[in-house]
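Below: one structure, written as structure tokens.
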Amino acid sequence: MEGPNTKINGQTGSGNELRHESTGLTCSCTKDKACAYIKKRIPILAWLPNYKWESDFIADLFAGITLAFVNVPQALAFAILANAPLISGLYTACFTALVYSFLGTARISSFGPIAVGSMFTGEAVAGYMSAKNMMIPDAVAISTINYATALSMVIAFNPGVIDANQETLAMATANLICSNIQCITIGNAMIRTILVMNVGIKTQLTTIISSIILFIVLMFAGPLFEPLPTAILGCIIIMAIGQLLVGNVQAVPGIIKNSTEDGVILATVFLVTTFLDMQMGLITGFVLTLRQLLVRVISEDQKKEEAKQQVKLRAVEVRRPENESLLERGRKMSLSDQ
């Protein structure tokens, strides 16, 4: 330090605090605060030095190997859904997960190509030449559904330990960086997430191990997948989408039982998506859900206002002379006689 009362470029202060003479503003900046902020924005710097190698590494190693073997065929299949080269699927599975492992806060997750996001991307790419100036609606639709599904699954599988803002930053950074190396859109795949949870994932090191294996596949084993029949990839797509469909169908009775209005929204979105397209279905669902939210907020405000009015009316009723009890009247009369 330069002394207890240092002056630097019009700023005076002592210790770690600086006070600007003209504005009077004080800035407190310490090494600990800077390190804490960096660790918050790059979580791997916080959990990797404290990693329990003896107890967690074997579990993460097996989970990473399992995830890599599942990622390879799914990445190839989802690249077909996205109307992209097969190699783009492998790039996506390898690099997006690696970026997320540095910035994400979720211990149980599996970021990479997903079925729904790939289908949206495929529709956008297919219509690019005929409507090349209309990519913004498609981009909004793809980013909205990918973000909503990814964040909801991260919260569901990692309750109470998720920083939603940091998750948003991690997903945005992964998409932004990897879009420059021929990757397709990413999300959090439910099937892969359940898989790694069942095989005993401990930390995000699983994702790093999986990315390393996928990188080896990209470098040396790529030609082995060239003669792979498209029908096999089609089976993988059917299985992935089929499991999502079965899970959603099983949830329908519970949704209708809890809220008839939610059931109506579900049926409307399903019909619009079936007979029009997924983008219109997404917009319809967003509008109907927003309307439902606004109606609930307004009705709750009205109920609170009505409750306040009832309290005021009761207070007025109590103050009226005819509503006074005989005991209260007797007390007042005795006081007046005195």
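Placement of Cβ uses the backbone N, Cα and C atoms for every residue, glycine included.
As annotated by TrEMBL, compositional bias 'Polar residues' applies to 1-15.
Positions annotated as domain 'SLC26A/SulP transporter' by TrEMBL: 57-151.
The annotation region 'Disordered' is assigned in TrEMBL to 1-22.
Sequence-distant contacts of the transmembrane segment (57-80), counting only residues of its own chain at least 6 positions beyond either end whose CB sits under 8 Å from a CB of the stretch, comprise 51, 86-90, 92-93, 110, 112-115, 118, 184, 189, 192, 195-196, 199-203, 205-210, 212-214, 217, 225, 228, 230, 232-234, 236-237, 240. Annotated transmembrane segment per TrEMBL: 57-80 (among others), in sequence order.
Here TrEMBL flags 86-103 (among others) as transmembrane segment.
Within its own chain, the transmembrane segment (139-157) is flanked in space by residues 106, 108-109, 111, 114, 116-117, 120-121, 124, 164, 167-168, 171, 175, 185-188, 190, 193, 197, 278-279, 282-283, 286, which lie at least six positions past its ends and keep a Cβ under 8 Å from the stretch. Per TrEMBL, the feature transmembrane segment maps to 139-157 (among others).
What TrEMBL lists as transmembrane segment is 169-191 (among others). Counting residues 6+ beyond its ends, the transmembrane segment (169-191) has Cβ neighbours under 8 Å at 41, 74, 78-79, 82, 84-85, 87-89, 91-92, 95-96, 99-100, 103-105, 109-118, 120-121, 142-143, 146-147, 149-151, 153-154, 240, 243-244, 247 in the same chain.
Residues or ranges marked as transmembrane segment in TrEMBL: 203-225 (among others).
Annotated transmembrane segment per TrEMBL: 231-252 (among others), in sequence order.
The transmembrane segment feature in TrEMBL is assigned to 264-288 (among others).
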For the transmembrane segment (86-103), distant same-chain residues with Cβ under 8 A (at least six beyond the ends): 41-44, 71-72, 74-80, 109-113, 166, 169-171, 173-175, 177-178, 181-184, 186, 204-205, 207-208, 210-211, 214-215, 217-218, 222, 225
Counts of helix, strand and coil residues, the domain 'SLC26A/SulP transporter' (57-151), according to DSSP: 72 helix, 2 strand, 21 coil
